[in-house]
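Chemist: A single structure is presented below for examination.
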Amino acid sequence: MIAMITCLSINKCSIASTTTHKHSSNIITNKKMSNIRVTVAALWCVVVVFGGLTLSSDAQLDTSFYKKTCPKVHSIVREVVRNVSKKDPRMLASLIRLHFHDCFVLGCDASILLNNTDTPTKIESEQQAAPNNNSIRGLDVVNQIKTAVENACPGIVSCADILTLASEISSVLGGGPDWKVPLGRRDGVTANRTLANLNLPSPFSGLDTLKSRFLAQGLNTTDLVALSGAHTFGRARCTFITNRLYNFSNSGKPDPTLDTTYLQQLRGECPNGGNGNNLVNFDLTTPDTIDNHYYSNLQVKKGLLQSDQELFSTTGADTINLVNTFAKNQDAFFASFKASMIKMGNIGVITGKNGEIRKQCNFINKKSAELDLASVVSKESSQEGLVSSF
Ligand code: HEM
Ligand SMILES: *[C@@H]1O[C@H](CO)[C@@H](O)[C@H](O)[C@H]1NC(C)=O
Ligand SMILES: *[C@@H]1O[C@H](CO)[C@@H](O)[C@H](O)[C@H]1NC(C)=O
Ligand SMILES: *[C@@H]1O[C@H](CO)[C@@H](O)[C@H](O)[C@H]1NC(C)=O
Ligand SMILES: *[C@@H]1O[C@H](CO)[C@@H](O)[C@H](O)[C@H]1NC(C)=O
Ligand SMILES: *[C@@H]1O[C@H](CO)[C@@H](O)[C@H](O)[C@H]1NC(C)=O
Ligand SMILES: *[C@@H]1O[C@H](CO)[C@@H](O)[C@H](O)[C@H]1NC(C)=O
């Protein structure tokens, strides 16, 4: 028997087979043969489909995914982000960071948006993981975007895609590059705080740790250096730099890779024993703009976090040349930033019929249904005696 199985897409597998019976003594009936053939075909399809998915996780994403179902999605997201950022310019940075912290934990599935819940399934929110607690911003803005998008195209656009779109839009509004955003992510139904603590890099990490955290997500050294360039805008809290200012590695001295003038400035902004929640600009010259100053700052020992300065000040590191390239050539930085943002946006995406399109970004749909039901019940009981529509 020769069987040719073709899978054009997930649902469309066809089988063409020719069977030759050389001996009439063959006891396998034709019916059994065709059953076997169908089973073989199904198995082959499974192998082909899953093989394809693992080889390229973004196989299902498409820049025109919502062209027919929600053609205005980009402009709707843009309008909300633009409105908010007029009053709060930092929000552009906060939204990009939210996408990064989503993608590094269970892939870009909007798991970071899920709140703590006990029912119908227990969710331990990533929002309270160490890198996120009292640190991430923009959850309310994402909900505002979701409401605006739902008004235009209910039940169509995932929260994961909203985070990705908001990041590209934030790049553009911040003066950075634009790109065509691959879309079609679906929302996950789980979160994992433990993984958030494990996967997200720390500002006290050395270069090897930074590299390995990125490599674990399929991102290489170029991606690490390009994406760290997001620290060209936004703020950090004093708590992440006080050790560099006063007692680096318990030496009793400041970090030697910190410029001494910048050190004095930062000490003014973050007094020893002062409020660790005070904010410092990442970029000392253009704090709300995406440009290549991040890299020229590193060249003169004016990186804010230890993890930033490591990229340039680690002896013999292969990241030094990349920093120099991006410092010299903003177009090269923008080209790499685009490519790496798209790559990051493809991490572990859920597509097709998996996952769901959340109705409310902070809850899986089963939870939203539970909450809807509760609100219907409470409305009905408050209108007791007035409603008898059955
Ligand atoms: C390389 C490893 C990284 C480390 C160790 C790191 C660490 C941090 C820390 C500690 C803060 C300040 C948080 C606070 O004060 O509460 C921060 C802020 C920020 N990070 Fe990173 N980050 C890294 C990579 C990235 C990447 C890849 C992106 C995006 C592509 C990014 C985007 C941002 C932005 C935009 C802010 C400012 C957020 C705001 O102002 O709200 N970071 N990061
Ligand atoms: C954006 O702001 C303008 C002007 O304040 C307002 O008319 C518009 O409704 C806002 N759009 C959204 C989506 O919030
Ligand atoms: C989800 O949790 C955040 C705090 O992490 C809170 O600000 C937000 O209001 C919660 N969202 C909902 C819909 O309860
Ligand atoms: C998150 O921060 C709050 C303080 O705002 C603190 O009470 C809480 O214990 C922290 N959560 C975790 C899980 O560390
Ligand atoms: C979260 O991830 C950790 C580390 O991979 C794993 O051990 C744990 O079972 C996961 N927890 C949940 C609730 O999925
Ligand atoms: C990182 O990956 C990109 C493609 O995703 C590639 O162009 C680049 O050369 C790689 N960089 C290194 C250092 O391997
Ligand atoms: C630096 O930290 C070490 C260890 O915590 C401590 O013993 C030392 O007194 C500190 N030095 C200064 C100058 O604060």
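Here the Cβ of each residue, glycine as well, is placed from N, Cα and C on the backbone.
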Chemist: According to TrEMBL, Asp102, Val105, Gly107, Asp109, Ser111 bind Ca(2+) 1; identify which of Glu79, Glu126 is listed for that same site.
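Modeler: Among Glu79, Glu126, only Glu126 appears alongside Asp102, Val105, Gly107, Asp109, Ser111 as Ca(2+) 1-binding in TrEMBL.
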Chemist: Select one of Thr232, Thr239, Thr242: the residue that TrEMBL places in the Ca(2+) 2 site alongside Asp283, Thr286, Asp291.
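Modeler: The candidate from Thr232, Thr239, Thr242 that TrEMBL ties to Ca(2+) 2 along with Asp283, Thr286, Asp291 is Thr232.
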Chemist: Pick from Cys70, Cys103, Cys108, Cys238: which cysteine does TrEMBL list as forming a disulfide with Cys153?
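Modeler: As annotated by TrEMBL, the paired cysteine is Cys70.
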Chemist: Quick check on the binding-site residues: of Ser111, Thr232, Thr286, whose CB has the lowest count of neighbouring CB atoms inside 10 Å?
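Modeler: Thr286, out of the binding-site residues Ser111, Thr232, Thr286, has the fewest neighbouring Cβ atoms within 10 Å.
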Chemist: Which residues does Asp102 (Ca(2+) 1 binding site) neighbour through Cβ under 8 Å, counting only same-chain ones at least six apart?
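Modeler: Result: Cys108, Asp109, Ala110, Ser111, Ile112, Leu113, Ala160, Leu163.
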Chemist: Round to the nearest Å and give the CA-to-CA distance linking Cys238 (disulfide bond) with Asp283 (Ca(2+) 2 binding site).
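Modeler: Distance between the two Cα atoms comes out at 14 Å.
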Chemist: Please determine which of the recorded positions listed here (Cys70, Val105, Cys270) has the lowest count of neighbouring CB atoms within 10 Å.
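Modeler: Across Cys70, Val105, Cys270, these recorded positions, the one with fewest Cβ atoms within 10 Å is Cys70.
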